[in-house]
Amino acid sequence: MENKEAGTPPPIPSREGRLQPTLLLATLSAAFGSAFQYGYNLSVVNTPHKVFKSFYNETYFERHATFMDGKLMLLLWSCTVSMFPLGGLLGSLIVGLLVDSCGRKGTLLINNIFAIVPAILMGVSKVAKAFELIIFSRVVLGVCAGISYSALPMYLGELAPKNLRGLLGTMTEVFVIVGVFLAQIFSLQVILGNPEGWPVLLALTGVPALLQLLTLPFFPESPRYSLIQKGDEAAARQALRRLRGHMDLEAEVEDMRAEAQAERAEGHLSVLRLCALQSLRWQLLSIIVLMAGQQLSGINAINYYADTIYASAGVEAAYSQYVTVGSGVVNIVMTLTSAILVERLGRRRLLLAGYGICGSACLVLTVVLLFQNKVSELSYLGIICVFAYIAGHSIGPSPVPSVVRTEIFLQSSRRAAFMVDGAVHWLTNFIVGFLFPSIQEAIGAYSFIIFAGICLLTAVYIYVVIPETKGKTFVEINRIFAKRNRVKLPEEKKEETIDAGPPTLSPAKETLF
């Protein structure tokens, strides 16, 4: 045992992590089965919406011998679209219970039920002549997406070594974007976006879930979950050996022990206690700002306005779907670029650059929309602004928050933090989708000035508050925030007690003695 004169033993140097086959395949299985289907369902109803509305109308006519009026159709279609984020909100509220009781991997596996069942229901909805099955399935798919959006980054962030945490953390958004892109491809009228093909288009969402059920059981559970929450160090070491491909695990295990010690001192946190705890105040505020900024910065509005901008530039309606596919390519390329750069440039730089590009694009787009009737050439600049905005959002605001939200919380508070994070994400998603048409109708192109302002405020907060987390352990990041929160960590208090030496008598008692 080390004596006091020997001092604290130096930390064990950590070995640089590599993307071993087991780690790579576990990432692909988890991300494809969870994030991909989230992105797919986010986009699949957009392009062929006229086909779905036609099915709703025909079904209604067969039941009532009359077609729907415009208000009823608008109500049903609004339910079809808005039930997805509301389901996501519900999923984000139950994910904490699942990841604690079933584990990270177990939660992802159970969650596939919420993808396969609605895929079957939507696939048979045309034969059953029941559009209600589509609306109900969208709620269930939203629950699936809400669980995935929290459980997947948690699983990938805890599997990864610290030097690959950024790369693996961005995989959530990479596969969401790939899902959106393939939904755009399959939704083309010449493929499945037609009256004959749409049941297959909707049912395809069950394929990634089925593949995950067949592959993910062969990969390890999160070693941090095994050691810190279950106290099973043997299982954690076995998982680390498979994920790292070597036996030199002491540094990583020691880091987990330090985190476990911090958790024992802090206790297991509920959402209410998380919100009241001073030691996590800035972390909590940071994820709220990051997730709200991601949704309120205008990405959904850009997608909503895109067809109008393309039409004003002379793109015919029949070809605008192909321009949309082109924007999807930009989205994928820039998200992959972010995944490559996040461990080189860091999280802060990508976030600040992304919000800077998005805010600038919104300002220029406001000018374009105001003056394109007078200067027709400006309409082409509008298309450039849309593509620039998508590129900016894809390099920072979309993928990087998934990395940061995993890094700034320890195991004890991560569950509650992800519940808050998911609730903010889905609630702001719903608010934008629900309110933007009314805002756009009221103030028109000036609505993009609001989005530019949100981009600016979010960037300022990131610059002032959020530290660079690249290459740091979870415990090191916790120490940085402890200083900002003006609290002392339990181990720091313990060190102060040791440095002070054995307890001494008060001066008065010393004099008497």
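Just so you know, glycine gets a Cβ as well, placed from its N, Cα and C.
According to TrEMBL, the protein carries these features:
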type	residues	note
DOMAIN	27-470	domain 'Major facilitator superfamily (MFS) profile'
REGION	492-513	region 'Disordered'
TRANSMEM	21-40	transmembrane segment
TRANSMEM	74-99	transmembrane segment
TRANSMEM	106-124	transmembrane segment
TRANSMEM	130-152	transmembrane segment
TRANSMEM	164-186	transmembrane segment
TRANSMEM	198-219	transmembrane segment
TRANSMEM	282-302	transmembrane segment
TRANSMEM	322-343	transmembrane segment
TRANSMEM	350-372	transmembrane segment
TRANSMEM	378-395	transmembrane segment
TRANSMEM	416-437	transmembrane segment
TRANSMEM	443-466	transmembrane segment
The transmembrane segment (322-343) touching the transmembrane segment (130-152) per 3+ Cβ pairs under 8 Å rule: no
Contact call for the transmembrane segment (443-466) against the transmembrane segment (164-186), three or more Cβ pairs under 8 Å: no
Candidates 164-186, 198-219, 350-372, 378-395; stretch with most C-beta pairs under 8 Å toward the transmembrane segment (106-124): 198-219
Recorded stretch, among 198-219, 322-343, 416-437, maximising Cβ pairs under 8 Å relative to the transmembrane segment (282-302): 416-437
Region pair the transmembrane segment (416-437) / the transmembrane segment (74-99), three or more CB pairs under 8 Å: yes
Range from 21-40, 74-99, 164-186, 322-343, 378-395 with most C-beta pairs under 8 A to the transmembrane segment (198-219): 21-40
Contacting positions for the transmembrane segment (322-343) when only residues 6+ beyond its ends and CB under 8 Å are counted: 47, 163-164, 166-167, 169-171, 173-174, 177-178, 180-181, 184-185, 188, 306-307, 310, 315, 350, 383, 386-387, 390-391, 394-396, 398-400, 403, 470-471
